[in-house]
Amino acid sequence: MSLVYLMATNLLFMLIVLFTLSHRQLRKVAGYVALIAPIVTSTYFIMKIPDVIRNKFIAVRLPWMPSIDINLDLRLDGLSLMFGLIISLIGVGVFFYATQYLSHSTDNLPRFFIYLLLFMFSMIGIVIANNTILMYVFWELTSISSFLLISYWYNNGESQLGAIQSFMITVFGGLALLTGFIILYIITGTNTITDILNQRNAISRHPLFIPMILMLLLGAFTKSAQFPFHIWLPKAMAAPTPVSAYLHSATMVKAGIFLLFRFTPLLGLSNVYIYTVTFVGLITMLFGSLTALRQYDLKGILAYSTISQLGMIMTMVGLGGGYAQHTSDELSKFYILVLFAGLFHLMNHAVFKCALFMGVGIIDHESGTRDIRLLNGMRKVFPKMHIVMLLAALSMAGVPFLNGFLSKEMFLDSLTKANELDQYGFVLTFVIISIGVIASILTFTYALYMIKETFWGNYNIEKFKRKQIHEPWLFSLPAVILMLLIPVIFFVPNVFGNFVILPATRSVSGIGAEVDAFVPHISQWHGVNLPLILSIVVIIIGLILALVVNWKEVTHQIIKSASITDGYRKIYREFELYSARGIRALMNNKLNYYIMITLFIFVAIVVYGYLTVGFPHVHQLHISSFGPLEVILSVVTLIIGISLIFIRQRLTMVVLNGMIGFAVTLYFIAMKAPDLALTQLVVETITTILFIVSFSRLPNIPRVKANLKKETFKIIVSLVMALTVVSLIFVAQQADGMPSIAKFYEDAYELTGGKNIVNAILGDFRALDTMFEGLVLIIAGLGIYTLLNYKDRRGQDERE
């Protein structure tokens with residue numbers, strides 16, 4: 001149950017932070033209260049490392065909807081532990097960083113940290129979920145919390161657009177993911193992930209296997225910003241920098257990669273998956289690195305560099321996916337190398353990219369700009385950030401003695417050995433190596449170019465609006481700690497490899513500790529080999545391009561992503577246009593139209609049921625006895641109902657409508673139901689009086705002549721509805737297997753204290769229902785009151 005307590009603890013801290021909204025002084029400490037949550041979470045995951053290394057996994061299952069195998073099923077294994085450590089440890093740094101970044105006087109700190117806690121809660125939920133539907137719930141919660149965080153500064157138009165764009169794309173991917181999970185349930189009859197993976201061979205032979213893969217890939221590609229779904233990530237940079245450092249570099253964008261790692265033993269059985277993931281990753285890596293060179297905004301550069309690095313990791317996920325169909329120890333060694341490298345670089349990327357984002361946030365916060373055309377010579381005012389960002393950028397570029405070099409060399413090693421696989425021949429291997437090397441060169445180029453344009457050169461304070469620029473120590477502390485980790489990981493990589501990455505590799509492989517024989521030992525020196533030569537080539541060419549070429553003059557010649565973004569905007573505008581037309585057609589403020597739509601849907605559902613199940617055989621028909629009074633009432637009601645269709649005087653219509661109600665009252669009397677008759681009489685009288693009184697408040701709308709076609713259609717709808725209700729009565733009469741409720745009538749007085757069965761039912765069963773109905777009316781009344789008292793934001797006095 002420890003996983004349940006962990007999730008409950010995070011929810012508890014959300015409630016505590018929510019409580020700080022109640023007092024102005026408490027709001028200032030909301031961030032420090034929220035900081036306790038990632039500290040507790042990271043402590044929990046660190047304490048579980050020894051158990052996971054010994055393959056002692058934690059599993060919890062609480063029934064939710066067991067009939068369809070939807071349960072609160074949580075599991076902590078090596079993969080979820082690694083991601084949990086990244087989420088929580090990076091979270092500690094980001095939460096503390098945010099307390100220094102946000103204003104304690106103007107920003108709503110509790111609201112921000114509630115959103116951030118909700119996101120961390122959702123991400124942890126994704127990585128420990130062992131049920132596909134539960135994973136989907138957490139998956140969409142990350143999209144919702146991301147939307148709230150991106151739009152935190154909601155008065156900023158860019159924040160609004162970025163939030164909507166990211167939400168639209170990631171939710172679209174989430175729906176595709178849900179479709180894939182439903183297909184898996186259709187094939188296997190279970191939503192439990194471990195059970196699904198145990199049936200992988202049977203699933204791979206099913207005709208829905210490929211459609212399921214494509215749906216899961218859509219979910220992963222949209223979440224992890226893969227081409228062409230990458231366009232939401234640069235727009236999301238409108239969020240506060242702590243959000244960018246946490247969600248859009250270290251955690252949320254890794255959710256899609258986590259999904260593919262989790263299902264690798266199943267998805268890797270298809271070559272469609274292997275080719276698609278590998279080449280989408282390579283294209284994304286190349287496109288992201290090339291587009292980063294045409295950015296002037298530091299966060300824009302980091303956004304596209306994140307896209308590129310995610311593409312690099314995705315490439316390794318695709319190449320290593322073939323392990324699911326391996327046939328020899330040599331191939332197993334290669335596949336495990338690639339998967340291990342992907343996990344290793346994922347960890348390295350979280351460290352150096354988060355440090356870069358924090359550095360950019362400090363520069364922006366203190367200088368008031370992120371434009372590299374203005375940020376020259378900043379090493380003089382930001383000496384600590386100069387060192388932090390230089391080391392982090394060089395690590396991203398793959399320079400020796402930094403952690404990024406190790407995983408980058410493993411990546412190049414994976415590319416050079418691709419020709420050993422059945423899926424790749426010489427030509428494809430050459431293409432893969434070429435794209436990987438070119439993208440790596442461009443990565444080195446924009447990394448060093450960013451540092452050169454920001455920190456080197458001549459410092460001119462006149463370019464900045466703020467003349468007092470300084471570098472607060474507490475503000476810089478999280479970035480400095482992350483920077484120190486970069487060389488530490490390089491010199492003691494196997495500490496992280498054995499305690500974090502090895503257990504994760506076991507989980508990804510699907511065979512547990514048996515994979516240990518193939519897991520590589522991370523070495524800083526492998527001798528002179530092809531990957532080392534390629535690394536040297538990348539560094540030399542990257543240095544030349546970064547230091548010699550004036551990218552400010554040639555960026556307009558580089559490919560632009562505007563066409564894809566413009567395509568999204570065009571689709572979104574068309575979507576809004578057609579949505580507006582549809583809403584105007586559907587919501588036309590005509591009550592009778594709404595009623596007809598409701599009745600039509602009801603009839604359609606009933607007819608669909610008859611077509612699917614079939615109309616039951618009529619073996620018994622109960623018709624109540626009736627006399628002259630019932631006949632007269634029926635005829636009168638029919639005549640009045642037909643008259644209402646053609647009469648246009650409002651007062652006459654209300655009176656006739658009331659007469660129908662009073663006729664129903666007489667029906668109840670004839671059927672010997674005096675309580676119902678009295679209730680109907682009171683309700684009908686009050687309703688009729690209120691209707692007439694309300695005329696004094698209604699506008700004087702001119703009378704409209706009856707349209708014969710429309711009125712005929714109304715008559716048809718009414719007749720069809722009447723036939724539907726009668727048919728349902730026939731169906732109800734044929735049911736003879738229902739349990740008797742006569743016993744309740746006998747005990748009604750003793751149990752409820754009511755002498756009348758109707759009163760007993762209303763008092764015993766409808767009390768709670770009536771209470772909530774009253775609550776709904778109160779909420780509706782508050783909404784109406786708000787609308788009536790709403791003033792136009794432009795300062796006009798007229799009410800909406």
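Cβ from N, Cα, C; glycine included.
Keep in mind it's a predicted model, so treat the numbers as computed, not measured.
Residues annotated as transmembrane segment in Swiss-Prot: 1-21 (among others).
Per Swiss-Prot, the feature transmembrane segment maps to 167-187 (among others); the stated evidence is sequence analysis.
Long-range contacts of the transmembrane segment (209-229) within the same chain: residues 139, 169-170, 172-174, 176-177, 179-180, 183-184, 187, 203, 252-257, 259-260, 263, 267, 270, 272-273, 276-277, 280-281, 283-284, 287-288, 306-307, 310-311, 314, 564, each at least 6 residues beyond the stretch ends and with a Cβ under 8 Å from a Cβ of the stretch. What Swiss-Prot records for 209-229 (among others) is transmembrane segment, and it gives sequence analysis as the kind of evidence.
According to Swiss-Prot, the transmembrane segment annotation covers 241-261 (among others), on the basis of sequence analysis. If one looks beyond the transmembrane segment (241-261) by at least 6 residues along the same chain, the residues whose Cβ comes under 8 Å of a Cβ in the stretch are 79, 83, 86-87, 90-91, 94-95, 97-98, 101-102, 116, 119, 123, 126-127, 139, 142, 146, 149-150, 152, 173, 177, 216-217, 219-226, 233, 267, 277, 299, 302-303, 306, 310, 313-314, 317, 321, 339, 342-343, 346, 349-350, 353-354, 356-358, 360-361, 364-365, 504, 508.
What Swiss-Prot records for 272-292 (among others) is transmembrane segment, and it gives sequence analysis as the kind of evidence.
According to Swiss-Prot, the feature transmembrane segment maps to 300-320 (among others), an assignment based on sequence analysis.
Annotation source Swiss-Prot lists transmembrane segment at 336-356 (among others), citing sequence analysis.
Residues or ranges marked as transmembrane segment in Swiss-Prot: 424-444 (among others). Sequence-distant contacts of the transmembrane segment (424-444), counting only residues of its own chain at least 6 positions beyond either end whose CB sits under 8 Å from a CB of the stretch, comprise 278, 282-283, 285-286, 288-290, 292-293, 305, 308-309, 311-312, 315, 396-398, 408, 411-412, 415-416, 418, 534, 537-539, 541-543, 545-546.
Per Swiss-Prot, the feature transmembrane segment maps to 528-548 (among others); the stated evidence is sequence analysis.
Annotated transmembrane segment per Swiss-Prot: 595-615 (among others), in sequence order. Listed as Cβ neighbours of the transmembrane segment (595-615) (distance under 8 Å, sequence separation of 6 or more from its ends, same chain) are residues 586, 714, 717, 720-721, 724, 727-728, 731.
Same-chain residues lying 6 or more positions outside the transmembrane segment (651-671) and placing a CB less than 8 Å from one of its CB atoms are 624, 627, 629-630, 633, 636-637, 640-641, 643-644, 677, 680-681, 683-685, 687-688, 691-692, 695. Positions annotated as transmembrane segment by Swiss-Prot: 651-671 (among others).
Swiss-Prot lists 676-696 (among others) with the feature transmembrane segment, giving sequence analysis as the kind of evidence. Within the chain, the transmembrane segment (676-696) has long-range Cβ neighbours (under 8 A, six or more residues past its boundaries) at 650-651, 654-655, 657-658, 661-662, 664-666, 668-669, 758.
Residues 27, 29-30, 33-34, 36-37, 40-41, 44, 58, 60, 62, 72, 74-76, 109-111, 113-114, 117-118, 120-121, 124-125, 128 of the same chain sit 6 or more residues outside the transmembrane segment (1-21) yet have a Cβ under 8 Å from a Cβ within it.
Nonlocal intrachain contacts for the transmembrane segment (167-187), taken as residues 6+ away from its ends with a CB within less than 8 angstroms of a stretch CB, comprise 69, 132-133, 135-136, 139-140, 142-144, 146-147, 196, 199, 202-203, 206, 208-209, 211-216, 218-223, 229, 231-232, 256, 259, 568, 572. Sequence-distant contacts of the transmembrane segment (336-356) (same chain, at least 6 residues past either end, Cβ-Cβ under 8 Å): 82, 86, 90, 93-94, 245-246, 249-251, 254, 257, 261, 264, 302, 305-306, 309, 312-313, 316-317, 319-320, 323, 388-389, 391-393, 395-396, 402-404, 406-408, 410-411, 413-414, 417, 479, 482-483, 485-486, 489, 493, 496-497, 500-501, 504-505, 508-509, 515, 518-520, 522.
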